[in-house]
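Per TrEMBL, transmembrane segment is recorded for 7-26, 38-58, 70-90, 110-132, 233-255, 316-339. The domain 'Ion transport' annotation in TrEMBL covers 197-349. As annotated by TrEMBL, coiled coil applies to 468-495.
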C-alpha cells in the first residue's frame with residue numbers, strides 16, 4: 001500500500017524528466033509492467049481525489065468564474081481538471097482504435113470508462129458554461145438604482161465562505177439576491193444536468209477501483225464472488241419483475257374505483273412503487289385499508305360498507321400473497337442461489353483468483369504509452385524531435401535538386417535505434433508471456449497430481465477394470481473372427497485351388513489372431529504384476545522426482 005503514495009511523488013517527477021529529456025533508460029523503466037501498473041494506479045487515484053475535491057470542497061473555484069475576476073489559481077485548477085479528463089479520454093480512444101469496437105466494448109471495464117469519462121466531461125463543461133453565463137448576467141445587473149440608492153445585486157454563492165460553514169451561509173440575510181431562471185422551462189437547466197452527470201460519474205469512478213482488486217488475493221476473490229452473485233441477481237430479476245407486474249395489474253384494477261380512498265394503491269405507478277418497497281419490508285401492513293372520506297369514482301352502489309369490506313378483504317388477500325411470493329419464496333431462492341455460487345467460488349478460490357489476476361497482468365503487459373494521464377497528451381522531447389525530423393525530411397525531399405545543401409541526418413540513427421528497441425521489447429514481452437503460460441501449466445499439473453495422489457488406488461482399480469473390459473471385447477472379436485473363418489471354410493464348394501488359397505489365407509489370419517491373443521494375454525499378466533507391485537506400500541519417491549523434473553522459470 002505504500003507504493004501508491006510513493007508513486008504519487010516519484011512518478012510525476014520521472015514523467016516530467018522524460019518529457020523534457022526523452023532519455024531512453026527512463027522510458028524503459030516506465031514501460032515495465034510493474035511501473036505501468038503503479039503509474040496507472042497513482043494517476044487514477046489522483047484523478048479521483050481531484051474530481052471529488054472539485055465538486056465537494058473546491059466549489060469556490062467554479063463559482064469564482066461568475067462572481068469575481070478569475071484568479072490564477074482558478075485557471076490552473078480548471079486547466080488541470082480538463083487536462084486530466086482529456087488525457088484519460090485520449091488513452092481510451094487509443095485503446096478503441098487499436099483493439100476495435102467489438103473487442104473494446106466486450107470488456108465491462110471499458111464500458112464503465114466510456115460512461116464515466118463522458119459524464120464527468122459533460123459535468124465539467126456545463127460547470128464552466130454556467131459560470132461564464134452567470135458572469136455575463138451579473139455584469140449586466142451589477143448596479144441598479146432603487147429609490148435613488150445604488151444597489152448591488154449578487155448571487156448567493158458569491159457570499160459563500162467555505163471556512164464559516166454552510167450553516168452560517170444559509171442564515172445570512174441578503175436584501176438584493178436574485179435568481180437566474182432558465183427558459184424554456186421544460187428543458188432541464190444546465191446546473192442540474194451538471195450535478196446529475198457528476199453524481200453518476202463519480203459513482204462509476206469509485207467503483208472503477210474494483211478493476212485493481214485482483215492484485216490482492218482476498219479482494220480479488222471477493223470481486224469474483226460479487227460479480228458472480230450479481231449475475232445471479234440479474235437472472236432472477238426477470239422473475240421478480242413478472243411477479244411485481246402481475247400483482248400491480250391485479251391490485252390496481254381492484255382499487256380502480258376507490259382511488260380517492262386509497263393512499264397506497266391510488267394509481268398503477270403508485271401501486272408498483274409501493275409493492276417494490278413492500279418487497280424489501282418498507283411497506284405498511286394496513287396498506288389495503290380504505291379511508292372513510294370520499295366516494296367511488298364510478299360505480300353503482302347499493303351497500304357502500306359491504307363494497308368497501310369486500311375490496312379490502314380481496315386487497316389483503318392479494319397483498320399478502322404478493323408478500324409471501326416475493327419475500328418468502330423469491331428472496332430465499334435468491335439467497336440460496338447466491339450461497340451456492342459463493343460456495344462454488346470458495347471451492348475454486350485459488351484458480352478463480354489467479355485467472356482474474358492474470359487478466360489484470362495482461363492488461364499492463366501489452367504495449368502502450370509509458371506516461372500516465374495527463375502527461376500522455378503533453379508533447380515531449382522525443383515527439384518534438386520526431387516531428388522536426390519529419391518536417392526537415394519533407395522540406396529536404398521537396399527542395400530543388402540543383403542546390404548544394406549539406407545536411408547531417410543525426411536523427412536517422414536515433415529513429416533506427418528506437419525501432420530496434422521496440423522490436424526488442426516486443427520479443428522480450430513474448431518470452432515473458434510464454435514463460436508465464438508455461439509456469440501456470442506446470443503448476444496446475446503439479447497441483448492436479450498432488451490432489452489425485454490420495455485416490456491413486458481407486459484410479460488403478462478403474463484402470464484395471466477398463467483394461468479388463470477392453471480385453472474381453474478383443475477376445476469376443478477374435479472368437480467371432482474364428483467362427484467366421486470356420487464358416488467360410490465349410491461353405492467353400494468351388495475349385496480345389498481356390499479352396500486351398502482361401503484355406504491358406506484364413507489359416508494365416510487365424511494364426512495371426514491367435515498370436516495376437518497370446519501377446520495380449522502376456523500383456524495382461526505383465527499388467528497384473530505391475531498393479532500388484534503398485535498396490536504394495538512404497539516410499540513416496542515419485543513425487544520428489546516429479547518436483548525435480550519440473551522446470552522453474554524465473555521472470
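Placement of Cβ uses the backbone N, Cα and C atoms for every residue, glycine included.
Note that TrEMBL annotation is computational and uncurated.
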Spatial neighbours of the transmembrane segment (233-255) far in sequence, C-beta under 8 Å, 6+ residues away: 262, 265-268, 271-272, 275-276, 279, 311, 314-315, 318-319, 321-322, 325-326, 330, 333-334, 337-338
Are there residues at least six beyond either end of the transmembrane segment (38-58) with Cβ under 8 Å to its Cβ atoms? List them, or say none. 3-4, 7-8, 11, 15, 30, 77, 80-81, 84, 88, 120, 123-124, 162, 198, 201-202, 205-206, 208-209, 212, 364, 370-373
Mean per-residue pLDDT in the domain 'Ion transport' (197-349) works out to 81
